[in-house]
């Protein structure tokens, strides 16, 4: 609020009181030269005066409070015509300026009350404290960053699992190719086994044929021996005194022993060869069977690992999808909250801009008011100089009358 005061210490010949009080002029009386005290908005404007001794005839001049609109009456010859007009104009302009000052200060007071009320209603309070939101936003940003890092780790784990799955798939394909090669070898060995079985059957048939032939030869041999014995017996009975002949029985016995030995040797050789081939085939079959079992076990283990990796991959993909959905939901939710907060901040910034504009406008009005006050003080100074001139003139007249 703007206040101004001006105390007039000089005497004047005739002046209207601002507060409605009269100013009395009398012989040997008291004269009070008024001074102006302007309150806020032009309210409470009062006039004070200093005392001087006057011997002039008195009169009463009335005026209205807060202005110089009252008529200024003086004795004839006290003020000149131009000075009266000047003082009247100054009085009118002073009243007009005081009215303007009062109106402007009243408007300024109303604006200040409105601004104060607006700050009380719209100003930052506990419910307008956004620091907790900032902390929440920072926490959410940290959570989003952590979720992003965790998502990156999961993506890296998924890539590692995919690479491991590709590695296991390559190993599986290699083992499958090895398995197919082993199965091809097994099929070849089966064909060899079939051939050996056929050879064994052929050898058994040959052994049977040899046995039959041996039995047939034994039978023929016995028949020949019987025939020879019968012939030898007949010769012995006929030629009793002849020289001893060849012992055919011994010769036949030796031949039979040699033949049986050869047959037994051939049988044993065939049986040994057959048993050797059978043992070799059994050994190869056992070795390949063991290798097949090992390969089957490895293939089963690899299949189980591949299934476990596929299950883990599906689980990681599901977890990734769930985390991506959670991150998207969090971003959407807190994005909406951030948008709301930004909208609130924008609204507050607009309100602050309006307040700044109102403040600038009030500052401009205040500057205008101060300019008016300066001009008013200049006019009051002019008015004071006129009053001092009239006081000097009045004093000179009083001295002249006294003399």
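The backbone N, Cα and C atoms fix where each Cβ goes, and this holds for glycine too.
Taken from Swiss-Prot, the feature region 'Head' covers 1-82.
What Swiss-Prot lists as omega-N-methylarginine is 24 (among others), and the listing cites similarity to another entry.
Taken from Swiss-Prot, the feature asymmetric dimethylarginine covers 24.
As annotated by Swiss-Prot, phosphoserine applies to 27 (among others).
The feature omega-N-methylarginine is assigned by Swiss-Prot to 32 (among others).
According to Swiss-Prot, the feature phosphoserine maps to 35 (among others), an assignment based on a large-scale study or a structure entry.
Positions annotated as phosphoserine by Swiss-Prot: 40 (among others).
The annotation omega-N-methylarginine is assigned in Swiss-Prot to 43 (among others) on the grounds of similarity to another entry.
Summarising the annotation, Swiss-Prot assigns omega-N-methylarginine to 51 (among others) and lists similarity to another entry as the type of evidence.
Taken from Swiss-Prot, the feature phosphoserine covers 57 (among others).
Taken from Swiss-Prot, the feature phosphoserine applies to 67 (among others).
The feature region 'Coil 1A' is assigned by Swiss-Prot to 83-118. Residue counts for the region 'Coil 1A' (83-118) under DSSP, helix first, then strand, then coil, are 36 helix, 0 strand, 0 coil.
Here Swiss-Prot flags 83-394 as domain 'IF rod', drawing on sequence analysis.
The region 'Necessary for interaction with PNN' annotation in Swiss-Prot covers 247-393, and the record cites similarity to another entry as its basis.
Residues annotated as region 'Coil 2' in Swiss-Prot: 252-390.
The site 'Stutter' feature in Swiss-Prot is assigned to 270 (among others). Look at residue 270 (site 'Stutter'): DSSP puts it in a helix.
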Packing count at residue 398 (phosphoserine) (other Cβ atoms within 10 Å of its Cβ): 17
Per-state residue totals over the region 'Necessary for interaction with PNN' (247-393) - DSSP helix, strand, coil: 146 helix, 0 strand, 1 coil
